[in-house]
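Worksheet: the structure to be examined is printed underneath.
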Amino acid sequence: MATSSFNINELVASHGDKGLLATALVDKTTHEQLEEQLQHQRRGRKVYIRNVLGVKDSEVIRNRYGGKYDLHLTQQEFASQGLAGALRLCGTLDCLDSFPSSGLRQDLVLDFGGSWVTHYLRGHNVHCCSPCLGIRDKMRHSERLMNMRKIILNDPQQFDGRQPDFCTQPAADCKVQAHFAISIHGGYDMGFRGLCEAMNAHGTTILKGTMMFDGAMMFDDQGVIPELNCQWRKIRSAFSETEDVTPLVGKLNSTVFSRVRKFKTMVAFDFINESTMSYVHDWENIKSFLTDQTYSYRGMTYGIERCVIHAGIMTYKIIGVPGMCPPELIRHCIWFPSIKDYVGLKIPASQDLVEWKTVRILTSTLRETEEIAMRCYNDKKAWMEQFKVILGVLSAKSSTIVINGMSMQSGERIDINDYHYIGFAILLHTKMKYEQLGKMYDMWNASSISKWFAALTRPLRVFFSSVVHALFPTLRPREEKEFLIKLSTFVTFNEECSFDGGEEWDVISSAAYVATQAVTDGKILAAQKAEKLAEKLAQPVSEVSDSPETSSQTPDDTADVCGKEREVSELDSLSAQTRSPITRVAERATAMLEYAAYEKHLHDTTVSNLKRIWNMAGGDDKRSFLEGNLKFVFDSYFTVDPMVNIHFSTGRWVRPVPEGIVYPVGYNERGLGPKSDGELYIVNSECVICNSESLSTVYGRSLQTPTGTISQVDGVAGCGKTMPIKSIFEPSTDMIVTANKKSAQDVRMALFKSSDSKEACTFVRTADSVLLNECPTVSRVLEDEVVLLHFGQLCAVMSKLKAVRAICFGDAEQIAFSSRDASFDMRFSKIIPDETSDADTTFRSPQDVVPLVRLMATKALPKGTHSKYTKWVSQSKVRRSVTSRAIASVTLVDLDSSRFYITMTQADKASLISRAKEMNLPKTFWNERIKTVHESQGISEDHVTLVRLKSTKCDLFKQFSYCLVALTRHKVTFRYEYCGVLNGDLIASVARA
C-alpha cells in the first residue's frame, strides 16, 4: 500500500474550514468503515404504528419522532387513545436508544411498569418490573400472554429459545441489578422520590422516562391536553364531580373514592369522547416531577432533568451520583404558555363580599367589555341598569354568532356558574375607576379633610388605610388590585442541593474502568457480529413467503448479503478504444452544435408561444396594455397549460400561483426576461425554469470539443450504479455530475449525508449548474444517470471542466433523453462511449421480475435486438412480488403512506393527487410519494403501485423503456391497478402471465 505524501493534520491546520479536500477524505473513510453498522441501525429504526391516526395526529408524531425513526403509519386498526398509544411506543424506543443495546448483561435495562411483551417480541435486553396493583394490571398481563402466544405461533423459529424477562414485584422490591432504567408513564404511582428509591435498590445510575405534562396543573383544578385529547381534573373529595350521579353508597364502596376519602388530592385523566378506562393518580406524585429537583437517599444524590416537552408528553431523565455534593443553587422554571392571553379577575364568592376567588378571562374580552361599559356608564342610572348593559356586552363577546350563514365563536365561553359574578365584578371595577378619576378631579377643590389626608406622609396614609380596611372589610374590594390579577406565565423553583455522602467520587478512576470494560465488550461483540455475518454470507438465497405483501427484512438483508458483490468495480472489464480520434471529435462537435441549436429552438418556441398569447389578449410590441377579452383567452389556454397566468401592475395575479412556484421571467411588450412587481406581464410553464437561452450561448464561450475518454457502465436496473461512484470518487481529481436536481440530492445524501452542505454542493452538481456557473477544473467526471443527458451536453460538461476522462453510469435501455419539441430533428442525442461495460446482476428487483422483463423485451423489442435483460439475474431474496387488480375509478385506489405511487401520464398523477387531498393526506405524501414513471427513474422503494385510470390510447404502455422503469422501482412488492382494458398494455400482459 502506498504511503500518503501529505499530512492530513497539517493540511487541516493550514487551511482551516477551507480544507474541503481533507474533510471529504475523512467523510469518505468514515463512510466506508461504518457502512455496515449504519445499515444495521437503519433496520432497527423502523417503527410500525398500527393505530388509525388522523392527519393532525400523524403530523404530531412525525414532528416528534419522524427524524429519528422510519415511521410506518399502517392505519390498520382503530384503537382507543390512538395517538397516546403511538407516542408511548415511540417513547419506549426513544428512551431505550439512550443506552447501549449490546445484549450483554452489564448493559441490561430495567423497565418500571412497562409492557414486557413489547420487549420480548422485539428482542430487547430489558427486565420489566410489572407489579399487579389491581384488576387492571392483571387484565393487562392476561392480554399480553395471549398476544405473545398469537405472534409466536406465526413464527416459532424466531422465538425459539427466547424467554420473557419480567417480574410482578414492585420496583423497589425487585433484586435485579442494572445501570440503566426506563419508566414510560410509570412515575405517576411512584413519584420522583419513589423512582429514586427504586433506582437505589437496583443500583441504577441513569433513568429515562416519559409522563403526561400540563403546567396548568400548578394553579388550575382542571384542564385539557389538546394534542392527546385528554381532560384532567383534580378530585379532592368523593362529592366533587357533579357529573357523577352514582348513589352515595356506590361512591363510598368504590375503589377510587376509598382512597379519596383519606383527603388525598387525586388527578383523573379522561380521554374526551372515548368511553374507555380512565386513569387516577396521586397529585403529590405528579407534582413532584414539576417541583422537585434533587433527592438524597442512602449515600446517593439523584437529580432530575426535564428534557423535551412536546404534544403534552414530557421526557425526563434522573441521574444518580455517589459521594459528597457541594452546596449549589438549583433553579428551574415551569412555564404556562396557555395563559399568556388571560387576566385574573376576582369575583365574589360570598354575599358579604368578604370571600373572593380568582377566575381567568380573556384579556381582549375584558378590555372590550369594559370599554363599552365605560362609555355607557351613567351615575344617575340604577345599578341594575348598569348591570344589564355590562351583561349584554359580556354575552356578545363570549357567545356564538352567525355571519353569512356561518357560525363563529366570539371570544371564549364563560362558565355558567360564574357568568353573573363576572359581570358584577366588572360593574364594581368600572364604578371604582370612575370614583378614582373623580377623586383625582376633586383634588383641585379638595375639602379640609382631603387636604389633611393628603398632607399626611405616605407611611401614615398606608397605616390609616390598613386600619380602615381591617375594621370595615366590605371596603376591601374598593381597590383596583382586588379585581384584576396579573397571571404569571411561569413559576420558578430554587433549591439548594448539598449532601455529605462520605468519600469523594473518583470520576477519573471510574472513567478509566468504563473505557477498559467497553473495549473488552466491544471486541466480544465484534467477534460475534463477524461470525453471524460469515454465516449469513455462506447461506444460499432462501425463499420467503409467497405473500406479495410480506416485507420481512428483505431490502436491508439484501444489502448485507450482496455487499461483497457490490464492491467489485465494473470498470475492470472496460474494452479498449476502437474508433479513430478524428471520428470521435467530429461526433462530439456535431452533438454540441445540435444541443446548442436545440436549446435555442426551445427558447424561440417559448417566446413565440407567449407572444401569440399576448397578442390574442390585445397586447402589442409598443404598449403595456391588455383588452377586456383576456379572461376568455387565458381560460382557453389554461385548459392546456395550467401555469398560464397574468401579473398586473398592482401585484395581483389572475389565478392563484401554486404553492412553491416562482416565475423568474415573464413576457410583455419588452419581450421575455426578468420583470418587476409593478409591471404587467404574462407567464406560462416555460417561465418557471427558463435557462434555454443561457445554455444555447454557453457553447460560444470558448468551449472546445473534448478529446478525453468517455467510459460507460451500462448496468441493469438495481445493479448498484451509485455504489461504484461512491467507491471510486476522489475529491482531489473528480466531480460528480447528475442529470437533474433530484439525482444530485440523492448522491449528496449518500456521499456526504447532507444535500446542501458546502462540500456536497462543491463536488456534486447538475449538468446545467456546471454549464451556467463558475466551477473548478477537474481531471475526471463521474456522471450518474447519463442516459438522461444529451450527448452534446455531456461533451460540453467535459469541455467546461477540462476533464480528460468521463466515467458514465446508466441503463441505456431505460428512458433516455428525449426532445421536448417534436418539431426539432434530433439526431445526435444518444451517448456514444469509447469504452463500455455491462452489469447484468440486480440486487433490487425480486426474482419474479426477471422473467417478466424478459417477456416484455421479447414482445416489445424488434426481432434481432440485443438486450442485456435477456440474461440478467437477481440476487434478491423475494420470490414473488408482482400482483395486479382491476379498479373502477380513482376512489378505489388504496392510498397508503408506506407505498410509492407512479403513473405513466401527468393526468393520472393529477387525479391521484386530488384524491389524496380529498382524503386529507399530508402534503408530503402527495408531493413525494406520487410521481410519473419518468420522474421516478433512479428511485428505489420497498412497495410500489402503478396506477392507470384510463383505457384510452397511451403509447407509453407499449414502450419497453417506460414499462421497464415502472416494473423495476420496487424491492418487495409491486401492484398494478388499472381501469379497463388497454390494447398493447405490456405490464398487464406480463402480470397476468
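Easy rule for this one: first residue shown is 1, then count along the chain.
Quick reminder: no glycine exception, Cβ is built from N, Cα and C everywhere.
When other Cβ atoms within 10 Å of the Cβ of Val716 (ATP binding site) are tallied across all protein chains shown, the result is 27. According to Swiss-Prot, the feature ATP binding site maps to Gly715, Val716, Ala717, Gly718, Cys719, Gly720, Lys721, Thr722, an assignment based on sequence analysis.
Look at Swiss-Prot and you will find 542-556 tagged as compositional bias 'Polar residues'.
Look at Swiss-Prot and you will find 72-290 tagged as domain 'Alphavirus-like MT'.
Sequence annotations record features per position, and here Swiss-Prot assigns domain '(+)RNA virus helicase C-terminal' to 840-993.
The region 'Disordered' annotation in Swiss-Prot covers 538-561.
Look at Swiss-Prot and you will find 713-976 tagged as region 'ATP-dependent helicase'.
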8 Å Cβ shell about Gly715, Val716, Ala717, Gly718, Cys719, Gly720, Lys721, Thr722 centroid, ATP site members excluded: Asp811, Ala839, Thr842, Phe843, Arg844
Residues that sit under 8 angstroms from Gly718 (ATP binding site) by C-beta distance, when 6+ apart in the chain: Thr842, Phe843, Arg844, Ser845, Ser940, Thr968, Lys971
Under 8 Å by Cβ from Ala717 (ATP binding site), same chain, sequence gap 6 or more: Asp811, Gln814, Thr842, Arg844, Ser845, Leu964, Val965, Thr968
Chain-internal residues near Cys719 (ATP binding site), provided their CB is under 8 angstroms and they sit 6+ positions away: Ala839, Asp840, Thr841, Thr842, Phe843
Number of Cβ atoms other than its own within 10 Å, given for Gly715 (ATP binding site): 23
Three-class DSSP secondary structure - Gly715 (ATP binding site): strand
